[in-house]
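What TrEMBL records for this protein:
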type	residues	note
DOMAIN	64-162	domain 'Bacterial Pleckstrin homology'
TRANSMEM	12-32	transmembrane segment
TRANSMEM	38-58	transmembrane segment
TRANSMEM	186-210	transmembrane segment
TRANSMEM	241-261	transmembrane segment
TRANSMEM	273-294	transmembrane segment
């Protein structure tokens, strides 16, 4: 098996800088606000962001490539993450260098490095493991492209040529079949989130109409879940309806993001709907806790 180290680049500095900036921004907001809902959301977001950042920091700093007669291997995170690309599935390859024109979907990228999913100009949806733009090798398969930046690219290229894989350009064609609701991966989370939003929106109103709410209900909480502002049951129901409307806006935003990205990769785009599922779950838990404690 032949092993290749990646070309050294400065992408790690960019990722770490982003990590520090985002953490500082979230922590600053946490110090300035005294709202239970916002504080809990920020705590969850901070944990999620740090897991995300650490994942890509480890991936960038530990990535390497290897290949044998049958497969190309992209290893990272001390061997815990391994991508196997069968050589027989590679249709062609393309070499590039210099400025990378791309749109990031996940991970981190700038014009000089990319780690994660990107839509590369003219090439389409590409999983990037590129530590430097000095020398990039794109591998085209039927499902997705891969971008790597190994040292000794010429030696890597010899193995591809020996397997009968040719270097050539290709143009990415958008997926015209974008009726995503025929796919259960889209339909199921959309319906679940819609039901949760209806529960968030209608439950307090039903409680109010049937006089099941106390005369006074908490409207504002501090960071320790202590009520600091009260109002009538009607005001509480209206505030919860606004939360439901907010979640509906998030759902439709994520739906249109999924719809747009499905033109590039229908097998990945449904995951954006889970962002809406996350927010709806958090707001539903908030509402359940308030009703459980104060009814």
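Cβ atoms are placed via backbone N, Cα and C, with glycine included.
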**Complete:** Its residues classified by DSSP, the domain 'Bacterial Pleckstrin homology' (64-162) shows 13 helix, 52 strand, 34 coil
**Prompt:** Who are the long-range neighbours of the transmembrane segment (186-210) in its own chain, taking Cβ under 8 Å and residues 6 or more past its ends?
**Reply:** 180, 233-234, 236-237, 240-241, 243-245, 247-248, 251, 255, 258, 269-270, 273-274, 276-277, 280-281, 283-284, 287, 291, 295
**Asked** So which residues does the transmembrane segment (273-294) touch in its own chain, when a touch means Cβ under 8 Å and the partner is 6 or more beyond its ends?
**Response** 36-37, 40-41, 44, 186, 189-190, 192-193, 196-197, 199-200, 203-204, 207, 214, 217-218, 225, 227, 240, 243-244, 246-247, 250-251, 253-255, 258
